[in-house]
Amino acid sequence: IMQVLSQRALEGLRTYVYKPGGYTWLDHAHTPFWNWLTAQLPMWLAPNLITLSGLLVTFVAYFTMWYEIPEFAGVAPRYAYIFAGASILIYTNLDCIDGKQARRTNSSSPLGQLFDHGCDAIALHVMLTFVQAAINMPSSVLTSVAGIAVYLPWMVSHWEEYHTGILMYGDGHFGILEANYVLAAVTFVSGIFGPGIWDYRLTNLVATWPYKDMGLKHALIIFAAIVALVQFYGQMRRVFLNHWTSLPAAERGHKELGNAARLKHLAYALLLMALGAVYLADDKLKPGQARLATLLYGLVYAVVATQLIMDHMCKEPFRPPLFPLSVLACAAANSLAEVVDSRMVAVGGVAIMVVYYGIYVSTIVNQVCAFLGIKCFSITPKRA
């Protein structure tokens, strides 16, 4: 039987305490609504079921969009864009009330936090495909830049949490909620005006604009890249300006800490981004390959992110799963060298990663549930 977590890791997980930070004005503005929404929920409803329900809605929208625009480029019926945008809003708001439901029902556990962020890692891939379809962009260097611009700060935020003990939702001005709302807004705009709106030339708005071929979609990608760099700078600054000894002793456990460990762990994350940038930039795609290629990267990203989150929560050394990274590395190398049929590589890579990810996640959930004496999708009464 596969074991992902050691006994030491499980013991470390038991004492995990979640410490969020960096809430923005939009987070605070939503709090009364989230409190009201949570109060309407039945007391038997397990928090993880709330998160999963939101994720399943995005999955339905994801496969609907895949069916309508299999190559990302093209025009889908407007309902598909509206549904995609609505699914982002549904997932985002349900994701923000699961913790409140856990506290309300006295069912908070480390599994809830792990399950929540694990779902977020997959949802991120789903949302990015919505936007790529909404702006009518086939796979290219530009779509690769746009995707990595969102993937990078999300991953690095969990690297920051590993080394500081605090998960920053933003810098106080722009955070995860704002980012998700921007993604939803992009899909809604395409649903209302059609995806052609994103081809609107900036010279039509500013006659003296020097780049005549630049459209709104290009401005959106540049905006995403700038926001990512600003967030990345803030993350670097917060981590490296704090000495590792400022991390409370209870938070250190068996973690690898210090500047050398920080750089090593960051290098793992940047390697994942680099491989993804190369693979997602491939524009020599066969029919049906574009969606498979992005899904392959999304699954590898989700596994590495989940491992980082789990190692933080268990206070263990970060050990990125090498097998998923090697699958991505092979696919990226083949996209450059074209040694074998790249579509078959994408099909095989996705098949391997779906099985790997399913076994990996279910094993973790089963181990944690058995150790803590709880169930994932129902509320277990607390022992007296």
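From the backbone N, Cα and C atoms, a Cβ is placed for every residue, glycine too.
All annotation found in TrEMBL is predicted automatically rather than curated by experts.
Copied over from TrEMBL, here are the features:
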TRANSMEM  49-67  transmembrane segment
TRANSMEM  79-97  transmembrane segment
TRANSMEM  141-159  transmembrane segment
TRANSMEM  179-198  transmembrane segment
TRANSMEM  218-234  transmembrane segment
TRANSMEM  265-281  transmembrane segment
TRANSMEM  293-310  transmembrane segment
TRANSMEM  346-374  transmembrane segment
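Contact between the transmembrane segment (79-97) and the transmembrane segment (218-234) is absent: fewer than three CB pairs lie under 8 Å, with pairs separated by 6 or more positions in sequence. Residues 4-5, 9, 114, 117-118, 121-122, 124-126, 128-129, 132, 139, 147, 151, 154-155, 158-159, 161-162, 265, 268-269, 272, 276, 279-280, 282, 285, 316, 318-321, 324-325, 327-328, 331, 335, 346, 349-350, 353-354, 356-357, 360-361, 364 of the same chain sit 6 or more residues outside the transmembrane segment (293-310) yet have a Cβ under 8 Å from a Cβ within it. Listed as Cβ neighbours of the transmembrane segment (218-234) (distance under 8 Å, sequence separation of 6 or more from its ends, same chain) are residues 135, 142, 145-146, 148-150, 152-153, 156-157, 170-171, 174, 179, 186, 198, 202. Beyond its flanks by at least six residues, the transmembrane segment (49-67) meets 41, 76, 80, 83-84, 86-88, 90-95, 97-98, 101, 115-116, 119, 122-123, 126-127, 129-130, 133, 291, 377-378 of its own chain at Cβ-Cβ distances under 8 Å.
Beyond the transmembrane segment (141-159), the same-chain residues lying 6 or more positions past its ends with a Cβ under 8 Å from any Cβ of the stretch are 72, 117, 120-121, 124, 128, 131-132, 167-168, 176, 179, 218, 220-221, 224-225, 227-228, 231-232, 235, 239, 262, 265-266, 269, 272-273, 276-278, 280-281, 283, 294, 301, 304-305, 308-309, 312.
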